[in-house]
Amino acid sequence: MAKRTFSTLETFLIFILVLMTAVTVALLSLLFITSGTTENHKDSSFPSTQSSPATQSSTASQGSTITSGSTTTQAPPVISTPEPPLFQNFSGYHIGVGRADCTGQVADINLMGYGKTGQNARGILTRLYSRAFIMAEPDGSNRVVFVSIDIGMVSQRLRLEVLNRLQSKYGSLYRRDNIILSGTHTHSGPAGFFQYTMFVIASEGFSNRTFEYMVTGIVKSIETAHKNMKPGKIFINKGIVEGAQINRSPSSYLQNPESERARYSSNTDKEMVVLKMEDLNGAELGLLSWFAIHPVSMNNSNHLVNSDNMGYASYLFEQEKNKGYLPGQGPYVAAFASSNLGDVSPNILGPHCVNTGESCDNANSSCPIGGSSMCIAMGPGEDMLNSTQIIGRIIYQRAKELYASASQEVTGPLAAAHQWVNMTDVTVQLNSTHTAKTCKPALGYSFAAGTIDGFGNFNFTQGTTVGDPFWDSLRDQILGKPSAEIKECHKPKPILLHTGELTKPHPWHPDIVDVQIITIGSLAITAIPGELTTMSGRRLREAVQTEFATNGMQNMTIVISGLCNVYTHYITTFEEYQAQRYEAASTIYGPHTLSAYIQLFRGLVKAIATGEVVEVTFVGANPKNSAENRTHQTFLTVEKYEAASATWQIVHNDASWETRFYWHKGLLGHSNATIQWYIPDTAQPGIYRIRYFGHNQKKDFLKPVVILPFESTSSTFEVV
């Protein structure tokens, strides 16, 4: 490799970068101490589980909560706001809609999205809102909540605080399994509401003022929807939106198999899904829709807080329905929620070199003169404000048409499934003979390059698959070297920041992530904790729909809801990951991230479709070995955590009617063991786990075979 030389200006800038990084890291502890404690949600109040030769395939991992059918919920000891009586003799759902301001600071705070130093708020263009929709069955037994919020994304800290406040008021009525919080992904909202170090750095600190404003607004929107609940009906419609989006990484999209690409007419998802809500008298209540587009019509030179193109669509729809009211007022609520927008841009004129005018739609998004910093995509308007209006109006107009013609009623029960997952350690079953694993979080070189919607700094370019000795050395001196394990796991990504191995002053990225599905009759809403690319979304949507059909639920409509519950950057396909453009470099759990999510969401689907069943799959051993060595008297136990004694109590074993033990023989001596627990109505609410007991053969050369006992334990899950 040729020796890298730097100009005097670059050397000076690098010196400033090193100095700023050192100061930032040194001050982060103070930032956290003065702004509040952090939470890395790992169920630390429970005893840690033992490791063993068997490892768990994350099917019911890190705390599953499943609610469906006739499941009842018990409130915790907190006495909460009494539930008003609900009229039950009707066909449809109880529907409540609510909107509340969650703008926060509009000055002296960084804007969240572009990660551009100096892009701080200096005023306001539009206010930001939280829009809540509550649906409950006629008898009130089950309910689900979807909240779309005009912010960049939902942080784990934000979600946990919202859930805590709802629990204090409503008990177990609104919980982590039946509430989805989704960010619209505007890049023009305040930052400063995260607990993980990487996002704190990008936010230039934590703002308790903005955090409190956001939490209060989200909770208030749900409270308003709760108070406004009335019998009503929901109608669904779908349609294509033209002229609003382009794929900003088309060369990555082309990495996907040609046979797969041939099934679709476009390299972006153009379909919009619209829900129309009205009461039993036909009075309109609200609109909830999903469409895949990045709200980045307002570029990184903007300093005014606003909700961008999707927010402008909401503004137009609500102004039309709430005639005589000022913006943000009136009973009608219209939300335009995010979807699989990872590689989708509203800047439809495409990328051009701003200094020459020529196209820079290439694998590196780079210009012959000036490099990647000159390659910028432009919107259709004369400026970013005009572009925001044009794109927002296209979205609004199509939604208006679909809303007016919506006639297919959504009917059927409500259900929800939620799961805490350690995304750094998911074993993915690629096929009948091969498995793979996810990785500890890491960001690649192309992450620092940015995108055609907002470029990065220094000499980074998209599509980088080889590291640079200078930047590697600088990173190693400041943050330490990434391990060989994390480098191998993320290949071909050249690691710029090994965030999964950085824990000071606090963890840099989340390990524990929640995945979630809620169903409203034949509609399933998947809560994605990040940004799926177009093809990633298509694969997940198809896998979820197939899993529903396999389990007897045909013709389900699957919605991808993005930026939900906790932020984990991007999720590309395995093929797109190989190209290492910005989205792939930002897929923090490695090349098999999408496969892991598909596997996890299939598990949630199965839980919903089959009722109250918890299923865990372990890497196992032949059960016949246990007939020779009788160390264990059961292949499984279901155990409940007793807080009073801080112990685990066995409530079922393999002799119980409610449990199933399945052994699956593989190749070359490999096998899996699947344990199912059909949760009875008599099960007490609480924290549970499942343990697997077996015997494996130890074979040493020229020595007799020895049969040894082992055991493995699932992560905890909650029965409500």
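In case you wondered, yes, glycine gets a Cβ from its N, Cα and C as well.
Here the structure is a predicted model, which means the values were calculated and not measured.
Now, the feature entries from TrEMBL:
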- Ser345: active site, nucleophile (ACT_SITE)
- His185, His294, Glu531, Tyr570: Zn(2+) binding site (BINDING)
- 45-76: compositional bias 'Low complexity' (COMPBIAS)
- 93-599: domain 'Neutral/alkaline non-lysosomal ceramidase N-terminal' (DOMAIN)
- 607-719: domain 'Neutral/alkaline non-lysosomal ceramidase C-terminal' (DOMAIN)
- 39-81: region 'Disordered' (REGION)
- 12-33: transmembrane segment (TRANSMEM)
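Within the same chain, residues at least six positions away from His294 (Zn(2+) binding site) with a Cβ under 8 Å of its Cβ are His185, His187, Arg248, Leu341, Val344, Ser345, Pro346, Asp453.
Taking the centre of the Cβ atoms of His185, His294, Glu531, Tyr570 as the Zn(2+) site, the nearby residues of that chain (Cβ within 8 Å, site residues left out) are Ser338, Leu341, Gly342, Val344, Gly530, Gly562, Leu563. Sequence-distant neighbours of Tyr570 (Zn(2+) binding site) (same chain, six or more apart, CB under 8 Å from its CB) are Gly342, Gly530, Glu531, Leu532, Thr533, Tyr582, Glu583, Ala584, Ser586, Thr587, Ile588, listed in sequence order. Take the recorded positions His185, Ser345, Glu531: by the count of other Cβ atoms within 10 Å of each Cβ, the lowest one is Ser345. For the domain 'Neutral/alkaline non-lysosomal ceramidase C-terminal' (607-719), residue counts in helix, strand and coil come to 7 helix, 60 strand, 46 coil, using DSSP.
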